[in-house]
Amino acid sequence: MQNTVYSVRREVSGYIVKNIFASLGISLYVLVDTLFIALAAGSIGLATLNIVLPIFNLFNSLGLLLGVGGAAIFSLNKVRHPERIEGLYSELIIFCVGLGILFAIIGNLFPHQILTLMGANQQTINMATTYFRIVSCGAPLFMANYVTINFVRNDGNPSLTMRAALTQTAFVIFMDWLLIFGLNLKMEGAALATIFSPVTSLTVLSSHRHFAQRQLKLFKTKVHLKTVLKAARLGIPSFLNEMSTGVSIFVFNLVLLKLSGNYAIAAYGVIANIGIVFLAIFNGVALGVQPIASREYGKHLYQNVKIALKIGLVVTFSIAIISYFLLLIFKAPIVDIFNAEHEAQLVAYAVKGIPIYFISIFFSCLNLVLMLFLAAINDARGAFFLSILRGYVILLPSIIIFAYFGGIAGVWASVPFTEFIVASLGIYLTNKKISTMQIRKESLL
């Protein structure tokens, strides 16, 4: 028994470390990109980036909608009914490219109207238009990349998807520096570098054609709406989860613009992008716990399921404690890194916001582990319920209500409030699920 426990602990720890590094890749690029934009275009550049981000998030969410759903259909049928999924990937890629081209055309024909709706004003509209037009042209690539990543992973080649993520991060950071500073293209350079991200990833993923066990095929075929809708139905949870980020950024932008203007949006951009790094770490831990918990649950080894969850919770909460105190100690120097123009308003908003906003990491670290854990032990409904509460039902009204009563401080406080409520419900649902297992009845958490 002790050997089994030790084996599970070691396996979970190994998965956690690998997944943290994989998850950190993209988030570090986002952070570095934000830093480069701050250095090249100042506070207005940061505000511009935050205004355009929800559109960029929409492209990624649509890619996940079809990628996750389509890959699930692929996995379910590739062994017993391979004939059913022969043209699946091709149909979804062709549909994504067509839809992406439509987005690119609309984005370049009506940029001012779209950006005004997103919260751009006289100070940001020109810079935002340039950035938005270029990023819109990459819509087919962003969507196709997410579809391909999910299919390649489910075709038995997860190591290639990790390699693609790390390669694109390293290459795009270099291109970011080259285009923004080397060629002095500033925001245009940042937008162009962003398009290199899916291009690099797809280039690496194309080597999957040499994978001996592959069943994935890409060929010219007719797109059937039934196929697209079936994939979309299975991908809705992933779409809503990813899109919640874009929706919350959009609401934050509108509220902060009304309260204090572009400097408040820029401060939120700094805080949110730092937060992305922590969420990536917590997500990496959760992804490390998920496969082991799922496997042990399938074997009815419930004590091992409990061990896997406890390791994940202890690791994430420990990281949250250390991270929060580091942020408190170094909040001013961290903000100064993003404040090349030495804007006092940006510093004031961000320095006051960090201690309030990042209380949330004590609860978000639990939420990400618990949501993936519930999905791993066949409680997808519970995981989806928590995800919807966290991204929409509690957060969005909280931003508006807290802003009304507490101003900017209230806006920052809406995030820890949301995470706390969701964590409380998550602990309750997890204990309820655990109580149905054949283990001791004591409370898990």
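Glycine too: its Cβ is placed from the backbone N, Cα and C atoms.
Residues annotated as transmembrane segment in TrEMBL: 20-45, 51-76, 88-110, 130-152, 164-183, 189-207, 239-257, 263-286, 307-334, 354-377, 384-405, 411-431.
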The transmembrane segment (20-45) in contact with the transmembrane segment (130-152), cutoff 8 A, at least 3 CB pairs, sep 6+: no
Looking at 51-76, 88-110, 239-257, 354-377, 384-405, which one has the highest count of Cβ pairs under 8 angstroms to the transmembrane segment (411-431)? 354-377
Residues sitting near the transmembrane segment (164-183): Cβ under 8 Å, six or more positions beyond its termini, same chain? 21-22, 25-26, 28-29, 32-33, 36-37, 39-40, 149, 189-190, 192-194, 196-198, 200-201, 204-205
For the transmembrane segment (51-76) against the transmembrane segment (130-152), do we get 3 or more Cβ-Cβ pairs below 8 Å once near-sequence pairs (under 6 apart) are dropped? yes
Take the transmembrane segment (263-286) and find every residue of the same chain, 6 or more past its ends, with a Cβ under 8 Å from one of its Cβ atoms. 16, 19-24, 26-28, 30-31, 34, 38, 43-44, 46-47, 49-51, 119, 249, 252-253, 256-257, 312, 315-316, 319-320, 323, 327, 334-335, 338, 343, 345-346, 349-350, 353-354, 357-358, 360-361, 364-365, 368-369, 371-373, 408, 411-412
Among the recorded stretches 88-110, 130-152, 307-334, 354-377, which has the greatest number of Cβ pairs closer than 8 Å to the transmembrane segment (384-405)? 354-377
Count the CB pairs under 8 A between the transmembrane segment (307-334) and each of 88-110, 130-152, 354-377, then give me the winner. 354-377
Six or more residues out from either end of the transmembrane segment (88-110), which same-chain residues have a Cβ under 8 Å from its Cβ atoms? 55, 59, 62-63, 66-67, 70, 73-74, 132-133, 135-144, 147-148, 151, 216-224, 227-228, 231
